[in-house]
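Visitor: Below is the structure I would like to discuss, written out as C-alpha cells.
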Amino acid sequence: MGIQGGSVLFGLLLVLAVFCHSGNSLQCYSCPYPTTQCTMTTNCTSNLDSCLIAKAGSRVYYRCWKFEDCTFSRVSNQLSENELKYYCCKKNLCNFNEALKNGGTTLSKKTVLLLVIPFLVAAWSLHP
C-alpha cells in the first residue's frame, strides 16, 4: 500500500473514531415516579446509552434506557403498562415532554457503523 492509500485509510479510521467516541456520559431527565413534568436530571451509567420518555395515559416516565431495549415489548414490560407511546434518543436531555410529538427513535451507533463499513471496504478495494 502506498502513502496515499495509507492516508485514505487513516482518514476513514479517524472518522470512525469520532463516531464511536463515548466522551462524557449521557445526561437525561429522570424521575423515580411518573409525572407530567420532570425537571430532575441524571448522568446515565455506561450501559444505559439513551434517554427514554414514555406516556401511558396521564402518566409520563422519564429514564435513562438501554437503546437496544427501546422496543414496545421491553418498555411496556419494564413499566408495567399495556398501552403507551415512547421515544428513545441519544442526546443530552432529549427526553423532554415535547419529544413524544416527534415520535420514532434515532439511529444507534451500531447502525451508523453498519452504514460506514461498506464505504471503508469500497475505498480499500478501489485503491491499486
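Just so you know, glycine gets a Cβ as well, placed from its N, Cα and C.
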Visitor: In Swiss-Prot, C28 is listed as disulfide-bonded to which of the following: C51, C70, C88?
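Guide: Checking Swiss-Prot, the candidate bonded to C28 through a disulfide is C51.
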Visitor: Which cysteine out of C31, C44 is the one Swiss-Prot pairs with C38 in a disulfide?
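Guide: If we follow Swiss-Prot, the cysteine bonded to C38 turns out to be C31.
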Visitor: Which of these links to C88 by a disulfide bond in Swiss-Prot: C70, C94?
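Guide: Checking Swiss-Prot, the candidate bonded to C88 through a disulfide is C70.
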Visitor: Looking at the disulfide-bonded residues C28, C38, C51, C64, C70, which has the shortest Cα distance to C89 (disulfide bond)?
Guide: C51
Visitor: Please determine which of the disulfide-bonded residues listed here (C31, C64) has the lowest count of neighbouring CB atoms within 10 Å.
Guide: C31
Visitor: What disulfide-bonded residues in the list C31, C51, C64, C94 lie within 10 angstroms of C88 (disulfide bond), counting C-alpha atoms?
Guide: C51, C64, C94
Visitor: Please name the residue among the disulfide-bonded residues C28, C38 whose C-beta has the most neighbouring C-beta atoms within 10 angstroms.
Guide: C28
Visitor: Using a Cβ cut-off under 8 Å and a sequence separation of 6 or more, which residues in the same chain sit near C51 (disulfide bond)?
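Guide: Same-chain residues close to C51 (disulfide bond) (Cβ under 8 Å, separated by 6 or more) are L26, C28, Y29, C44, Y62, R63, C64, W65, C88, C89, K90, K91, L93, C94, N95.
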